[in-house]
Every structure is written in structure tokens, then in C-alpha cells.
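For reference, the structure discussed in these notes is given below.
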Amino acid sequence: MANSPHGGVLKDLLARDAPRHDELAAEAETLPAIVLSERQLCDLELIMNGGFSPLEGFMTQKDFDGVCENCRLADGHLFSMPITLDASQQVISDSNLKPGSRVTLRDFRDDRNLAILTIEDIYRADKEKEAKLVFGGDPEHPAIKYLNTKVEDFYIGGKIEAVNKLNHYDYVALRYSPAELRVHFDKLGWTRVVAFQTRNPMHRAHRELTVRAARARQANVLIHPVVGLTKPGDIDHFTRVRAYQALLPRYPNGMAVLGLLPLAMRMGGPREAIWHAIIRKNHGATHFIVGRDHAGPGKNSKGEEFYGPYDAQHAVEKYREELGIEVVEFQQVTYLPDTDEYKPKDEVPAGIKTLDISGTELRNRLRTGAHIPEWFSYPEVVKILRESSPPRATQGFTIFLTGYMNSGKDAIARALQVTLNQQGGRSVTLLLGDTVRHELSSELGFSAEDRHTNVQRIAFVAGELTRAGAAVIAAPIAPYERSRKAAREAVSGLGGSFFLVHVNTPLEYCEKTDKRGIYAKARRGEIKGFTGVDDPYEAPENADLVVDVSKQSVRSIVHEIILMLESEGYFDRL
């Protein structure tokens, strides 16, 4: 029999509210609506299907404060991650939302009504408390970045009535709700289930450690990867799921099943490990593997880990009895070539030869097309990874030129376009500042916010083209550091490489060589908000390349850019 849910009762709101579907659906059409973001959709799905039991809605302030301060809901239940619905003051005011109001929660993807929320309270989001107590306070932490840049200023708490399931069009047969997975376990006759959480592809070592964990406990394996939001730069879930499916036949017959979890990860380390254990308990698992630096975001810009390597294991162990799910500590295994087997590192005698490939080395081999040995990963898995991660010489990239008007950006961009077209191998797209203003941003002015929006539109186009394998050359003025950082994140977040080139031509030179007289007009006050005259240009903090047309020829600058790309592997090496 599957493990009992957290809190004793599976809060399957979809099943609970199904008899009232027509009534709720009709009411939802008459209510004001909040259109949910991708992360909010992930949270709502797991609230409605019981994955977040005992939650029945988004957290009130009492729940939020208790979870942040003590990992406790207001009713005393253990819960480690704030699950909140953020909204702007404008949305709240426009819809006249207040305690007691009912509001429809709507899917941004297809405009479907998903649920009705009865508002219990509206409270200001204490982002500082959440950042410090839940995630550790480092402003570079991805969850804290999200808090500070994406989350609105108010949280809305209240219980939910389910109207419709979210629509999914990928891997539908693998998207088990907690109730469905419990039925599946019963059908298979499984009573002991070891759940394995992952957001990465699995290789032979992962197969070995999960089999060992199951064998030691006379259990079966639930491979339960996250297919919601993970860490920026992770391999997309389509590729990962194909790789998991290819791996599944390598398990002993009937030992493992694959189920997909639509979770929006926060990369919250110890707090997240407790949360993951609760979620797996709700899905019926009796055991849960917690790895080294479980759900950690890696290192900050100083090379420091956000969490200690065993903080997550210690956190889950602290609440072992209350969680009601047995923690299985992730064993680091290594390959022994002399005996062609994997063993836990702490069981390998001194002097025995071992082999390992790090994640960084694997990415490098995928990037360069270098051999990936069968002792590390199965050929069918490697084939799938290579299909989605072609060698860098065939990948796209974005060259983002920034500098004053008339600094030489356009000349460099055009010359670079010709050079790359001559090189061949990928399509080349040119996004000049004036062209973008005319074709994409004609309605925008030159306020700070409009300039930021213009750069983000460029980044969106560049990211999509780069992901498709094109070379993109963008050449806006882009005077603000926050806009350039956001552009880099947008392109990198889609898996593309972004190179920031600061065309650091002095303002005096730009003015002196301005044949159109634009600077002169700005000096006379005929043009307002002109970069370098009455609006600042913030020099980039971390440019990949700095050039200067007053000291270098366009030809030599283009050569520098080509050399930079060549050193990063973007051209075939004979």
C-alpha cells in the first residue's frame, strides 16, 4: 500500500470539486480574473491535484510567516516552501479585490479558467524575509533574483475551488497525479517505492545508485523528474524525458516506472529537499533519495556554494519522523574499469583504479563532439543528448554590440555579418538599432523604460534565433546595465551563447565624426533624452570584449571578434 499523504488526507481538489464543475465554470466566467504566470501555473497544478497537500490554496500571511520562520503552516503542519500568489497593486485595484472577493485564476497559454480563489487576505510581500529565511539571503541566488525582478508587491491568500485541469500536450501518459500514481502502484503491487528526483539526464551511475537503493530496501523505483521550471541553462525537459525513456529498459524488468512532476523548482537547497520529500510522500513514495547539495543552485560569482554539501540531507533527517518518508542518502558511485562495475566510492579499496566524468566534462564533450564512453552512459542516451546538443561549431550565438550613437557599432556589425556569411555554416541575422526601432519598436519612445523594453525585444528575437542555430548580431545603444544584463539572461536562458562587445569609442570622437549632425541637435536642445548629452551611458561591467573605433580599424575589430568565437569553438577546427 502507498504511503499516506502529508497531513493524512490527499487534498485532490479536482476530484473534490468535480461534481460542481458546471456551477463553478459558469461562475468563473462572471468573476474578475488573474492571469497566472508559468510558475504560478505549476504551483496551482500541484495544489489542485494534491501534490502540495495539505495545502488547499495559496498561503495566507499567517501561513507565509509560519513557513518562512519555522517551516510550519498556521495549523502546525510541516511545510518548508512559501507557495504564494503575487499580484500588482494595479491588478488588485482594477478588479477591486479584497478579503471575501472571489476571483478566477486563468491560464495565460490558452485563456482557460482553471480555478476560483476565495480571498482570505491580501498582504505586502515581505521579500526580504523570504529571501533571508528561506533561501539564505545571497542576492545572486536564482530564487532571490526571481523575487526581486519578477514577483509583484502583494500576495493574495485563500482557498481554491478547482474548475479545470491544466492542458498538457507532451508526454500526457507520463503525467501522473498523486492519486493516479497511487492507483498505478497498487495495480503493480508495489508497497515500497524509492523516489528519485532529478532535473538532469540520467546515466549509468544514476541507474546504479537507484537500483542499489531499491535492492537494499526490497523496493521499486519511481524516476520522478521535474518538468516544470528548473535552473536556467538546464537541458530542456523534452530531451531529458526521451533520455529517461531510453534508460528505462536498462533497469531489471518491472523495477522502475517513470512519472513527470510539473514542479517549479526554487533551487532552495535544504528547504527544497524537505518540500521535495513532502511532494513524493503525497505521490505515494515510501523512500526518497536526497543527494549531495540537493536542489542547490551551484556557486555564486565568487565561486562560493550557496549551501553546504550535506545541508539538505541534514534538514530532511531533522524532520524524518514527522515527514513519514524514509530518507535515502545519495551514494556517490564510481566506475572500476578493471572489473567493469560501479561501486560506492567509500567501498573502493585504496589503490584501485577508478574513472569518473564530471558534469562540466560531459558538457564539454557534447559541445566538442568528443567521445563519451559506454561505461559512463548508454549509447541510446548519448544519441539523444547529441541530437539536442550539437557540437558548438554548429550552434548559434549572439554578438551584442553596445556603445554611443556613431561609435562604429553599425559598421562593425555589417562587416561582421559579411565575414560570417563568407565563413558559412549558419544563417546570420543583423539587428541594427534603427532597423529594430522601425520594425519592432516603432511605438516606443526614448524614456528609460521604453529603451529597456526595446532592448528586451531585441534579446527575445536574438534568443529565439540563436536557439535555432543562427548567428545574431545586435547593435543597439543599450545604455543601461540592467537592460544588458537582462538581455544576456534572456539569450542564455534559452541555451544560447551571448557575447557582449563594448564599442568603447570616446564620446568626443563620436561627436566629431557625426556627419548627420545628430549630436549638434541634441546639444542645442532640439533632441531630448539623448545618450551622452542629457541621458547617461552606463559602461558595461563585464563585457566579453572592449574595442575602440578611434584606435582600431573595423577590420581589426571584426578579426578580434572572430578570434573570440574561434577560441570558444564556434568554428570547425581541422
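Each Cβ is built from the backbone N, Cα and C atoms, and glycine gets one as well.
Taken straight from Swiss-Prot:
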REGION    1-169  region 'N-terminal'
REGION    170-394  region 'Catalytic'
BINDING   Gln197, Arg199, Ala295  sulfate binding site
BINDING   Gln197, Thr198, Arg199, Asn200, Gly291, Arg292, Asp293, His294, Val333  ATP binding site
ACT_SITE  Thr198  active site
ACT_SITE  Arg199  active site
ACT_SITE  Asn200  active site
SITE      His203  site 'Transition state stabilizer'
SITE      His206  site 'Transition state stabilizer'
SITE      Phe330  site 'Induces change in substrate recognition on ATP binding'
REGION    395-574  region 'Allosteric regulation domain'
BINDING   Asp434, Thr435, Val436, Arg437, Arg451, Ile477, Ala478, Arg516  3'-phosphoadenylyl sulfate binding site
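Location within the structure of each feature annotated in Swiss-Prot.
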residue	record	Cβ within 10 Å
Gln197	sulfate binding site	25
Thr198	active site	18
Asn200	active site	16
His203	site 'Transition state stabilizer'	20
His206	site 'Transition state stabilizer'	21
Asp293	ATP binding site	19
Ala295	sulfate binding site	25
Val333	ATP binding site	23
Arg437	3'-phosphoadenylyl sulfate binding site	14
Ile477	3'-phosphoadenylyl sulfate binding site	24
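Gly291 (ATP binding site) sits 4 Å from Phe330 (site 'Induces change in substrate recognition on ATP binding'), taking the C-alpha atoms as the reference points. Considering other CB atoms within 10 Å as the measure, the emptiest surroundings among the binding-site residues Val436, Ala478 are those of Val436. Ranking the recorded positions Thr198, Asp293, Ala295, Phe330 by the distance of their Cα atoms from the Cα of Arg451 (3'-phosphoadenylyl sulfate binding site) places Ala295 first. Within the set Asp434, Thr435, Val436, Arg437, Arg451, Ile477, Ala478, Arg516 that the record links to 3'-phosphoadenylyl sulfate, no two Cα atoms are more than 22 Å apart, and one pair reaches that distance. When the binding-site residues Arg199, Arg451, Arg516 are compared by the number of other C-beta atoms lying within 10 angstroms of their own C-beta, Arg516 comes out lowest. Arg516 (3'-phosphoadenylyl sulfate binding site) sits 63 Å from His206 (site 'Transition state stabilizer'), counting Cα to Cα. Binding residues for ATP (Gln197, Thr198, Arg199, Asn200, Gly291, Arg292, Asp293, His294, Val333) extend across at most 19 Å, taking the greatest CA-CA distance. Cα to Cα, Val333 (ATP binding site) and Val436 (3'-phosphoadenylyl sulfate binding site) are separated by 52 Å. Taking all protein chains in view, 20 other C-beta atoms sit within 10 angstroms of the C-beta of Phe330 (site 'Induces change in substrate recognition on ATP binding'). With respect to their backbone Cα atoms, Thr198 (active site) and Ala295 (sulfate binding site) stand 9 Å from each other.
Distance from the CA of Arg199 (sulfate binding site) to the CA of Ala478 (3'-phosphoadenylyl sulfate binding site) is 34 Å. For Asp434 (3'-phosphoadenylyl sulfate binding site), the Cβ neighbour count at a 10 Å cut-off comes to 11, with all displayed protein chains included. Of all the binding-site residues listed here (Gly291, Thr435), the one with the fewest other CB atoms within 10 A of its own CB is Thr435. His203 (site 'Transition state stabilizer') sits 14 Å from Gln197 (sulfate binding site), taking the CA atoms of both as reference points.
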